[in-house]
Amino acid sequence: MKQKIHLWIEEYLFFPKFFQKIISFLLLPLTLIYLIIIFTKRFKAKKIDFDIPIISIGNIIVGGSGKTPITIELASKYENACVILRGYGRSSKGLQIVSLNGDIKVDVTVSGDEAMLLAKSLKKATIIVSENRIEAILKAKELGSKIIFLDDGFSKYSISKFDILLKPKNEPTNNFCLPSGGYREPKSFYKKANIVLQEGKDFKRVITIKKDENIKELPSYTILLTAISKPKRLLEFLPKNIKMISFPDHHNFTKEEILDIQNEYKDYAILTTGKDMVKLKEFNLENLYLMDLSIKIDENVDFSSMNSYINSFK
């Protein structure tokens, strides 16, 4: 039931059917209030310069658009890099140092799934989770970081930064902002970014199936188990006979849920994403496969403005 509700909300926000469009229009007065709040915050914000290059990687629609793999791809190119994110789905509060120069300090319950995936992928970087991005930036500088990558930082108007916005390959047919649609900020705000990268044009996802770090072929009977935003986007990379079991974004799997899935799909292998794998490892599942996602950025993408921004701090 939860899975059906989750998928219905996703459909309503991005690709609504007739009845869902009616709901969308009925909620427009609330959307207007939401927009007034957004514009007021942006107008009142006073930029703070932290004297360190800060690259924000974000999007203006609800849910995932490849921020984590793009962050990994870009941050891996720099020494003394720090990635700062809120840490959705974690049990902890406040600022937590997830990894320090590649040395992982906490477990996934403290860090959240995205932060742990970043920590495991960026072997020399520092990863910090915090609700307060300004506090985290100051901590990163204190720890000796020379460049900061800010996850989902576009709406942090008070931070002076270089903004990269990601566009989905298939843009929503519903162009309204919340709660009438899936945009967190007006679509026109793409023009306010320093660089806009669109999936399918400027970058593409590369999928590799692995088991125990080795490249493998998927068994004939496989289910996709995931707790990411917009899970249907994964299906285009997989055989059509794959069944999908999805949970809300950042969901923490329980032992009971895993046992129920194993009982229902006794002869099936389980395929999952890197973000989910950091949470599923604790269950020691024998027939667990990884849908390893990496990003290939088109060689024609122009990063000269970002390089100039970074060099201006040297």
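Every residue, even glycine, has its Cβ placed from backbone N, Cα and C.
The DSSP secondary structure for Gly64 (ATP binding site) is coil. Other Cβ atoms within 10 Å of the Cβ of Gly64 (ATP binding site), summed over all protein chains shown, number 19. Under the heading ATP binding site, Swiss-Prot lists Ile61, Val62, Gly63, Gly64, Ser65, Gly66, Lys67, Thr68.
With every protein chain in view, the residue among the binding-site residues Gly63, Gly66 whose Cβ has the most Cβ partners within 10 Å turns out to be Gly66. Surrounding the centroid of the Cβ atoms of Ile61, Val62, Gly63, Gly64, Ser65, Gly66, Lys67, Thr68, where the record places ATP, the chain contributes additional residues within 8 Å, namely Asn59, Leu166, Pro168, Ser229, Lys230.
Sequence-distant neighbours of Ile61 (ATP binding site): residues of the same chain at least 6 apart with a C-beta under 8 Å from its C-beta are Phe14, Pro168, Pro172, Gly182, Tyr183, Arg184. Within 10 Å of the Cβ of Lys67 (ATP binding site) there are 21 other Cβ atoms, across all protein chains.
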